[in-house]
Structure formats: C-alpha cells, structure tokens
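This report concerns only the one structure given below.
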Amino acid sequence: MQLLILVMLGGLVGIACLLMPPRAARVATVASGVISLGLAVSLIADVTHGPLRFGFLRADSLSVVFVLTAAFLYASAAVYAIGYVNRSAPAGYQRRFLFGLNIFGWAMICAPLVDGLALLWVAIEVTTVVSALMVAVDRTRAAAEAAWKYLLIASAGLGIGLFATIIIYHAGTTVYGLSYDLTLNQMIAAGGRLDSHAARLAFVLAVLGYGTKVGLAPVHTWLPDAHTEAPTPISAMLSGSLLAVSFYAVLRYVQITQLSVGAGFVHTVLIVFGLLSLFIAAFSLLVQRDLKRLLAYSSIEHMGLLCLGVGFGAPIALTGVLLHILAHAAAKGNAFFCAGVIMHKYGTKDIGSIRGGLDKLPWTGPLLVASVLALSAFPPFGLFRSEFMIIAGGLARSSVMVVAALLVLITIAFVGLIRATTSTMFVPARPGTPAAALPRSEPSAWMVVPIVVGSLALVVLGIHPPDQVMALLGQAVTEFGER
Amino acid sequence: MQVVAPSTVNGVASTIAVLVLLVEFGMLRAGLLRSQVRLYAAQSLIASLLAVFLGVVRHEPELLILAGLSIALKTVVVPLVVLRLVRQSGTATTGSGILKPAGAALVALAVAGFGFFAVGRSGLRVDGLSPTVLGSAVAIIAVAFVLMIIRNDVVSQAVGFFSLENGVSVASLVVAAGMPLILEVAFLFDLLVAVVVFGVLMRVHHEEQSTLSTAQLTDLRG
C-alpha cells in the first residue's frame, strides 16, 4: 500500500500546488517531501523478505536504495525551497516552481519502482522532460540555452535507450515467445537463455543511451550547463538523484546482461566509460571558474567512479557503489545548497569574486568546506567509507593499473575542488570590494536546515551506518547476483 | 551460391522501410521549415503503413491499433503543433547548418551505410524478415542524428529527434512486434509529453533569442 501512496503523493501534491496559494503550496510541498522520505525509509524493512509487487510496481533492495536517494533530496529541496523562492515573486511563478519541484521529485521516486525495462524507460523520459522545464523555469537567456541543449541531448540519448529496450525485448523472445511483459523478474529468470547477441547489443546501447543522462563521458556535455543554470534546489536534485536514477537503469541492464553474456564484457565496457568520465571530469575541475559548474563536473567524476565500482565486479565494490549513491546524494545536495546560499549572498557564481565565505556565512561557510571534504572522500564522511570499499574491491578483482589510475584521477579532482573552496572560503575579501561590505549573516534558516541534516547523514554513513541500511545494501548485492 | 528471391512480405516490408529512410534523406535536404515538418508527417505515415502491413500479414490486430494511434499523433497532432509554432515565429527557412547540402548528404550516406553494416555484423536474427528492414531502421536513427547535429534551428533539431523515434518504431516492428500494446501506447504517450515540452522550450527559445536559430547558443559550452 505504501508503494501506491509513494508513487501518487508527489504527483498529486504537485498538481494541487497549481491551485493553492503559494504559502499553502510551500507547506504541502514540505509535507509531501517528508512523508515520501518516511515511506521510503519504511520500505527498507519491507523488502528484507523479498521484492514487493503491486500491479506494475515492484520494489526490491536495489530499487529502494535509489528511492531513498530520490526521497531524501525531494524532502531536502522542498525545505530549502522555502528560503530559496523569493516570496515577493509573482504567485504564478511560485506555484509553477513548486509544481515542477514536486513533479520532478515524484518522477524520480517512481522510476526505480516501476516493474520492467519498458516502463523504466518511460519513467526516465518523464524525469527528463520535467527537469528540462525546471532548468528553464527562470526564463533567462542562459537557462533557455541550457534547457534546450539538455532536452535535445538527453532525449537523443534516451532515443538510444529506447532502442536498447526494443533489442533487449528481442533478446527475451527466444525464451518467452513473441509477446511478453518485459518485467524484471522475467528478464532475470531468463538469465543465460537470452539471445546473447541481442543482449550484448542492448547493453552497449543502454550504457550509451542512459549513460547520456548519467553524465558519462563523452556524452556528458549537457550536464555542466544544465546543473549550472537550473535553480539551486533543482541542481541539487539533478546531481544527487537524477543521475543516480539513470544509473539505476544502467545497473538493471548490467544485472540482466551479465547473466546472459558473462561478466567480463560488461565489466570492460563499464571500466572504459568510468575511466574516461573520471579523466575528463578530473582535468575539467582544475580550470572551472563557476561554483556550480565546478560541482557539476564533480558529479561526472562520481558517476565515473560508480561505473568503475560496478566494473570491478566484486561484492564489496558493489556494496561501496550503493553506499556511494546514498552518500553522494547527501554530499552533492549539500554542496549545491551551499552554492545557492553563496549566490544569494554574493550575487555571483564566479569563484574569483567570492571571498571570505567562512567569515560572511557563519553556517554555510563551514558546511561547504565539510561538503567538499566529504565529496573528496575524507573521513569521517560516508564517501570515505564507500570509496574505500570500491578501491578494496578493485584491488581484489581488477587490474592494479586501473585502480592506480582511479587514485591519481580522484586526487587531481580533489585538487580542483579544494583549490576553489579554499579561495572562496578562507581567503578574506579585499577591502573596498563588494564582498568585503557584506554583513555576516545567513540569508535564510530554511536554506541551512537541510544542509545540517545532510551533513549529519554523511557523518552517520561514514562512522557507523545503520545496520538496516547495511543489511539493505548487502541484500541488494546478493539479489544483483554479484559473487 | 544459391540466390533466393525475397518473399512478398519481405519485399514489401523492405520497400516500406527503405522509403522511410529516403524521406529521412529528404528532411536533410529540405530548406523550408514547413517542408521539413511535412516530410516528417509523411515519414510517420509511411512507418505506420508498415505497422498496418505487418499487422495484416501476421494477424496481429494490436499493430493496427498502434498504427491508428501513431497516425493520429505523429502524422496529425505533432506536425500541426510544430507548424503552428513555425507560423507564429514568422521564420520560413531552416538554419543553414554547418555543412553544405552535398556534404551533409555524403555524411548521411556514410552513417546510413554504417547502420546497415552494423546490423549485418551484430548477429541479430529476425525470423521472417530480411536484415534490410532492421538495417534501414538503424540507418534512419543514424541519419536523424546527422540532422540534429548539422542543422542549427530548433525546429529541425526537434524534428530530427522525432524522426529518430520513427526509426526506433520501425526497428520495434521488426524485432519486437509482439510487444504488448500497453507498452507501445506508453511509448507514444511519452512522445506526446516530449513534444509538448519541446514545443514549450522552442517557444521559450524564440522569446529569449527572437529567432528559431540556435547559432547564437554559444554562451554555454559543456
């Protein structure tokens, strides 16, 4: 029953926001986000006894990891939006913004819960069109440009994803005949009996197609623009959750294809895409001058890391990947939320113009430093634990050269991230500059609360993840078939 | 080597698929936005005829329903929506693109040839239909990408994406003809949503840039 509520709540509240006064819409949005998160957490216990099914919905341990991610950022962005959306803005704009935020959160919760690869494609396409509209919601010239490029490139990628869906369907006709439902259970049960030629082709197309939305190089070019120009709560949801939900689609193809054609081919493809993404992101991070663009490239880096983690093919690495998805959502959400506060305070995203952040923003300054350290996998944050597990898996199962390349590239990425952070946070503003005249204050407590909660979640995931969460991840790895 | 004549079903299906591909080449050549959209409508109609034909010869009434929905959406609704936007914008011609027509045709021929080659090498086996139909579908997808890349106006780029979906539809008729109608309808509904969003963003683009051209979109570089 909670599955049904979960896949309806955000959508209904989103539609209701169009009809309510802005104040009521804000309250409804926060309530919907928090209730969705509560329902997602309650799914953890429910899926320990096996997958839940309800009509065309299905939840197993793997999908619940992604639902948790989506629901967490939906709730955080809903709270953050109270402080972010200017209350003196036209009521129509406020309603449209909250409608879009709810529908976007709802679409990302639904995607991992639909049963079958065809419906998964439909759900992910819905996340694309909704988020493209939200990228353009501020109606600036740059936002319109970013939204158009995003819609065109992501839709073209998903066109390839649709082709992958058709081909994997064809792969299953050797087992189920001409007409069947393409449900996950069917495809997993078919395993090695799928047409291996078709499964292999479908996998490559899926990595390329869905990989466009994941932000994997070389099909990542929409990502920095869209993340930079979107309103900050949407940037956080794009980076922390949308990329992960698209990665979920890739994981499902990995799960099915490795049963059919063996793990070697699958892992090689993922390692190639992972290394290429890490390489491009790491060196791009060194030259960024825009705070949000810096964080966008960091997302490409982390998506590359996830690909490598799966490509290593070790259970500990896959557990690390799933933990990484949860921790990255919290850390990247936090970093974008901090960037939004900084933009609000300084009126710019230009790294060269932002100085003395620790002094001017008593909460956000230290929280941004903590978020960047978390993204750089410093202890005691969750990403330290997850990257440690991924690297341990790589050393156990993969080439030392690949692991060495990974370590070098994430170190380069760290240099790019920390250089920008130290210059904006620790270097004081020069007297006479606009930054020097800013008062020491936070724009809104509503914008700080979700960052504090996200930071606590990161520390908990790093020091002692709840047993239920680790059990969920372990079960997901077992169901995934990694041995 | 024994040469076997194609069956009537194979011959008709291959001819229709190649026709869809030829219309894609026509879209690449079209200089007027209205012609571009009308060619897309024609292409969608021909692709739907393939569904009708296969539905009749394979006794699959679901394909006839799908063809009906597809004609209503892709031959009528989508072209009307896009033509309305073109009328409102007051722009008649497509963006000049980064390649001259002859160069574009050569590139398209090369990628289409690669599509046929890739299908031949993929090892995919489709009972009852020759690889020509699937090869044409992949070639349509590849040429649609060329259209989206070389044209620098929002209408041609959007139409390129819509025609890419036509290529996937042709492929679907060949390799996944038995796919449940509900899933096919979900794909079509999703296309409708995408069309609406493309329409909204084309309008936003026109309002911000006062043109349908994408040549000015150079502030953001990935």
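In case you wondered, yes, glycine gets a Cβ from its N, Cα and C as well.
Here TrEMBL flags A:62-85 (among others) as transmembrane segment.
Marked as transmembrane segment by TrEMBL: A:97-114 (among others).
Marked as domain 'NADH:quinone oxidoreductase/Mrp antiporter transmembrane' by TrEMBL: A:117-410.
Using a Cβ-Cβ cut-off under 8 Å and counting only residues 6 or more beyond its ends in the same chain, the transmembrane segment (A:120-138) has close neighbours at 93, 96-97, 100-101, 103-104, 107-108, 110-111, 114, 144, 146-148, 150-151, 154-155, 158, 161-162, 165, 210, 213, 226, 229-231, 234, 237-238, 242, 245-246, 249, 252. What TrEMBL lists as transmembrane segment is A:120-138 (among others).
Taken from TrEMBL, the feature transmembrane segment covers A:150-172 (among others).
What TrEMBL records for A:201-223 (among others) is transmembrane segment.
As annotated by TrEMBL, transmembrane segment applies to A:235-253 (among others). Residues 62-63, 66, 69-70, 73-74, 76-77, 80, 101, 104-105, 108, 111-112, 117, 120-121, 124, 127, 131, 161, 164, 168, 184, 202-203, 206-207, 210-211, 213-215, 223, 226-228, 292, 295-296, 299, 303, 306-307, 310, 325, 328-330, 332-333, 336-337, 339-340, 480 of the same chain lie 6+ residues outside the transmembrane segment (A:235-253) yet bring a C-beta within less than 8 angstroms of a C-beta in it.
The transmembrane segment annotation in TrEMBL covers A:265-286 (among others).
Taken from TrEMBL, the feature transmembrane segment covers A:306-327 (among others).
According to TrEMBL, the transmembrane segment annotation covers A:363-383 (among others).
Sequence-remote contacts of a segment are chain residues at least 6 beyond its ends whose Cβ falls under 8 Å from one of its Cβ atoms, and for the transmembrane segment (A:395-418) they are 267, 271, 275, 278-279, 281-288, 294, 297-298, 301, 305, 308, 311-314, 316-317, 372, 375-377, 387. According to TrEMBL, the feature transmembrane segment maps to A:395-418 (among others).
Tertiary neighbourhood of the transmembrane segment (A:444-463): same-chain residues 72, 75-77, 79-80, 82-84, 323, 326-327, 330-331, 333-334, 337-338, 340-341, 344, 363-364, 367, 370-371, 374, 379-386, 469, selected by CB-CB distance under 8 Å and a gap of 6+ residues from either end. The transmembrane segment feature in TrEMBL is assigned to A:444-463 (among others).
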Is the number of Cβ-Cβ pairs under 8 Å between the transmembrane segment (A:62-85) and the transmembrane segment (A:306-327) three or more, considering only pairs separated by 6 or more positions?
yes
